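Undergrad: This is the structure, below, for whatever I ask next.
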Amino acid sequence: MTAPLLSVRDLRTHFMTRAGVAKAVDGVSFDLAAGEILGLVGESGSGKSVTGFSLLGLVDPPGRIVGGSIRFQGRELVGMPPAALRALRGRHLAMVFQDPQATLNPVLTIGAQMALAVQAHERASDRAALDRAAAVLARVGIPEAARRLSAYPHEFSGGMRQRVAIATALLHGPALIVADEPTTALDVSIQAQILAKMKALAAESGTALIWISHDLATVSSLADRVLVMYAGRIVESGPVGAVLRAPLHPYTRGLLDSLPAMATPGEKLRQIPGAAPSLLALPAGCAFAPRCPRADAACAAPPPEVAQGSRRAACHHPLEAAA
Amino acid sequence: MRILRLALRRLAASLPTLLLILMGMFLLLQLAPGDTVDALMAQMGGGDAALAEELRRFYGLDVGIAAQLWRYLTRLVTLDLGFSAIYGKPVATVILERLPPTILLMVSALSFAFFFGLVLGVLAARRVNRWPDTLISTLGLVFYATPSFWFGLMAIVLFSVYLQWLPAGGFYDITMGYTGIAAMLDIARHLVLPTLTLGLIFLAIYLRIMRASMLEVLSLDFVRTARAKGLTETRVVARHVLRNAMLPMVTLIGLQAGTMLGGSVVVESVFALPGLGRLAYESVVQRDLNTLLGIVFVSALLVIAINFVVDILYARLDPRISAES
């Protein structure tokens, strides 16, 4: 088997806040093959976005990668000099962010922002850069792309802005795009369009995709494999169909049960009781134990890894274990 | 086109303000005891009541206040600022003679404050909470807290009296009879200290605003996007951050144009510059109503003109401003 495109081992990203050390990402490991689509799922504060930022070296202070390894295309990204990492960003490793309202610069035209991205990695004339931008905008489905280059972000709708962000990420044909909840801020109908477009574009260009979302439904329609994160750790991973059909970890079960689509009409939605633990003071054992219906005394110890084929879960009492 | 329409509308809106300022000024000055004729007669060493009455009729001071105001405003429509009894010349001529030093001083002080405020603000924000930021911020506070007349006097003591590098006052050296480039350099030398004195306080304000504004913009999401695109840090700041961060500074220039004109009265007095500020002070002392009103009119025009330029600049910098909103 060839080496994976991306290999993350024991990644730990901590935030040195005044109140103490917040362990936003605490020992995350996973592999990603070229062209694969990976869903990264979790509640707010589970560390999924910080994992994404860590991959690109975009963790803002007081946050810092304190340990672990990120190997991308055979190169180690943790501890790489900033200039080398910058040369990689946007070219081989791109990112699409959550809120298209805030992620485009309000005072620069779409064309200028995309041309800057082209010229960050290539010596290109303004004309050539704008032509490239127009071509990619057309690919993501923006009509009259060449004319829209001189428009400002406020003249675009939310969905259009996100298409611009996706087009910008695609400019250099990266090997991996990290998409951080790119459809969360959009209407449901627009969400579906963007999802379909993204899937088609990734397949067409062989780009691998890490799709970060709190929404299991969007992930299930898009990803090949899914990672479920809780309190800075991966609690379950596996092929998306199998995980959603029969989750091993009680937390994944809880997430699925709280989806409105899974509920019987007229009945109350089933919630996961309690709230996510503070990242400043994580329990030594399973972080989910205080909210878990299956928890007992054993859960005070760090959970063992349960393997079932290509599936993994970190739990003392997995559901349907060895079934 | 969009920008021009916006600017013209703002210009039209400022006309009633101008009218109100002039009327208010006119009425306020009536409250001061004595008039031009009293001041003139005092200069002449006194005179009888008949002469005073004659002079009052000659300068149109014999009718009621309302009639005087009406007469003044109707003449103003034809851009006639009236006649200065004290200087014996039309007010327009008097003001035009005194305008260049003031405008030069304002432009140089504003450019100095804006440019260095911008640079220092950016430097401080890039090194926030480390020693360059602490140094710059402390200096800013010192400049802001120092009264400009005191700073001006100390600068004269140090640079003119003790070191003898720069002239202590005046607009140019009349004894040298310079022409052309030499005359310009001479004026520039005379303006160094007044510019520093007037500009430092504004520099301090601009640098605080720029630092805060930079920090705010640096934390916005599109900056992270720019970094994710692989832009160098210099490009992120130059292309993405600077333009957004400059918006509050540009607004501030418009707001402070009037304050700066007020500040130039003090600075012109300290450095004996024959400018508009000094003229205003002298006119008050001599009850030269026409000249004083003319200065108010020209100052208001100046502030309106600066705000007009600022509006255009702002609309150019921020495409979200439209003539419709």
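If you go along the chain as it appears here, the first residue is 1 and each next one adds 1.
The backbone N, Cα and C atoms fix where each Cβ goes, glycine too.
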Undergrad: Which residue range, B:9-32, B:57-80, B:249-272, is the one TrEMBL calls transmembrane segment?
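TA: Per TrEMBL, the stretch marked transmembrane segment is B:249-272.
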Undergrad: Grab the same-chain neighbours of the transmembrane segment (B:249-272) for me: Cβ-Cβ under 8 Å, and only residues 6 or more beyond its ends, written as numbers and ranges.
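TA: Sequence-remote neighbours of the transmembrane segment (B:249-272) are 101-102, 105-106, 109-110, 114, 117-118, 148-149, 152-153, 156, 168-170, 190, 193-194, 197-198, 201-202, 205-206, 209-210, 213, 278, 280-281, 299, 302-303, 306-307, 310-311, 313-314, 317.
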Undergrad: Most CB pairs under 8 Å with the transmembrane segment (B:103-123): which of B:135-167, B:187-207, B:292-315?
TA: B:187-207
